[in-house]
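Over in TrEMBL, the protein carries these features:
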type	residues	note
DOMAIN	12-259	domain 'Nodulin-like'
DOMAIN	420-541	domain 'NFD4 C-terminal'
TRANSMEM	12-33	transmembrane segment
TRANSMEM	76-98	transmembrane segment
TRANSMEM	173-191	transmembrane segment
TRANSMEM	211-229	transmembrane segment
TRANSMEM	241-263	transmembrane segment
TRANSMEM	397-417	transmembrane segment
TRANSMEM	423-443	transmembrane segment
TRANSMEM	455-479	transmembrane segment
TRANSMEM	514-534	transmembrane segment
Amino acid sequence: MGEAWQRLYKNKWLVLAFSIWIQSCSGVGYAFGSYSPIIKSVLGFDQKGISRLGVAKDIGDSVGLLAGTLCDLVPIWGLFICGALVNLIGYGSIWLIVTKQLPPVPLWAMCLIMMVATNGETFFNTGALVACVRNFPQNRGGIVGILKGFTGLSGAIFTQLYTSFYAPDQAKFIFLVATGPSMVALFTLLIVRPIPQVVSIIKEDDKNFNVIYSVCLVIAAYLMGAMIVHDFLSVNHYVQVGFAFGLLLLLFIPLIVPFYQVFVVDPKKPQSDIENDYNIKAPLLAPAPPERTPSGREIKNEYPKAIKPTITYYPPPSGDFIEFSEMEDEKMRPEVSERARHEQLARMSSRLYKAVAEGAVKVKRKRGPRRGQDFTLAQALIKADFWLIDYAAPRPILMACAQGMMAVGHLMFAMAWPGSMYIASLLVGFGYGCHWAIVPATASELFGLKNFGALYNVLTIAVPIGSLVFSGLIAGPIYDAEAEKQRSGALGAYARGPLADESLVCEGAICFQLTFFIMTAVCIFGVVLNLILIKRTYRVYQALYGKRGDSLLHNKVPRAVLEQDASSSSSFH
């Protein structure tokens, strides 16, 4: 039984289940509307002040440069500790202010506190995504989609818990947001981590993913049903508590996958197969024949056996293929002298030059990492030598479809056809969700996994930038201009209150029509950029998922092993 619990600790599905819990706490910023009224009333802010506080919230939960930088310096549990502290300090300060245990603060200070509070989410997001993407390298898109989906459900989850236990005391909702995510992060920090050399059968992985997808859909439908019941029916407190416990039970369902695999599936396997799945034993390649000098004397390899990369590969029954996780940040640690290392490098260089002289090798000077290798943040921002190939299905195709979907939705908003608002909302929301599920996976495929945390948090800066540009610089001025026309023109009768003191009010589709036309044009421009990206990344996806990668699997050679072998060889040049 002790060995079974050890295997459970090493199971990547357990990591995914706990990451789902983390992501269910990393989107509490979406529930800003549930507790902003008490901030407005206690501190005496007007609607413009609350809007600025909302912008500060967007900046805090989107700008994760600190989390991305620390991701390369500290382990995942370090990120979770930082996120828990930042979340507790930020939201805890807000709770102390609204409960009047601390004196009121001006708007600028409240914006700063809100930025700190919501920035804790970036640490949770980064840690969970980095760990799971490395554990499931061949399912990056699905993994990112699952985790970002639970991030989107996070606000609804906490709102349901608040409604069941604390409503209508909004101060207690802030206390729940301050303590809940921090407690979950501390509980899961030793579980959520990259697991080296994970062996799995692809057919079994597909079944497990179907379970996780189903859980995500069921939770979304459950929350929608609970909201409808709460809004249209009069239910007592016990029914609300029942909804909360049902929600918590659904969140525990992903744990069934690792427990079933370890305690039900593994006992049916031979003991040797179980050991092979969790241990690294045999060398990947047979030992090479000894090298000899021109005089025939054998050249001894001064590297000890302990530093030779080894891995076990056992073809599974029924023709299934085995997938190994990518651990790009794991480096060998040779315990040899500097002299022995230089001699080994000299011998390798000599053989390379000999091969070049015989025409067997073509050498091209390397100017930085290639696609899928380990980029630094600076290299990722400036590297642009993409290549074309004949066939593949790049992931940016889906990004182009998502942008096109949003373009159609914004056009429907602009035209304001009868009944089009519901369809337009569905298209824009679905396209936005697809876009942010695809972008992180695409970044990991093009720039590797080692600096994925920093890359992901740079990409998310687009959210507050877009919010500031489209809301503050485009939508706001256009709305005010149309409202001024209505007040001073034939529709001026719709203006309410004293003209000098009352805020401008605009009514009708004309208020945001130009804004939606501009956003439609921006989405179409995004489609064009994605088409260019598709053309220039074709070779990358052919190498990762094209026929060449499939032939490697059919030849019973694990793809990740070959990539690891190639990357280790390139490190000598």
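Just so you know, glycine gets a Cβ as well, placed from its N, Cα and C.
Remember, TrEMBL labels are computer predictions, not curated facts.
Bear in mind that the values here come from a model prediction, so they are computed numbers and not experimental data.
Counting only same-chain residues 6+ beyond the ends of the transmembrane segment (211-229), those with a CB under 8 A from a CB of the stretch are 16, 20, 142, 146, 149-150, 153, 156-157, 160, 235, 239, 243, 246-247, 250-251, 253-254, 256-257. Cβ atoms under 8 Å from those of the transmembrane segment (12-33) belong to residues 54, 57-58, 60-61, 80, 118, 121, 124-125, 127-128, 131-132, 135-136, 143, 146-148, 150-159, 173, 177, 180-181, 184-185, 188, 191-193, 195, 198, 200, 208, 212, 251, 254-255, 257-258, 261, 325 of the same chain, restricted to positions at least 6 beyond its ends. For the domain 'NFD4 C-terminal' (420-541), the number of residues in each DSSP class (helix H, G, I; strand E, B; coil) is 97 helix, 0 strand, 25 coil.
Mean model confidence for the domain 'NFD4 C-terminal' (420-541) is a pLDDT of 78.
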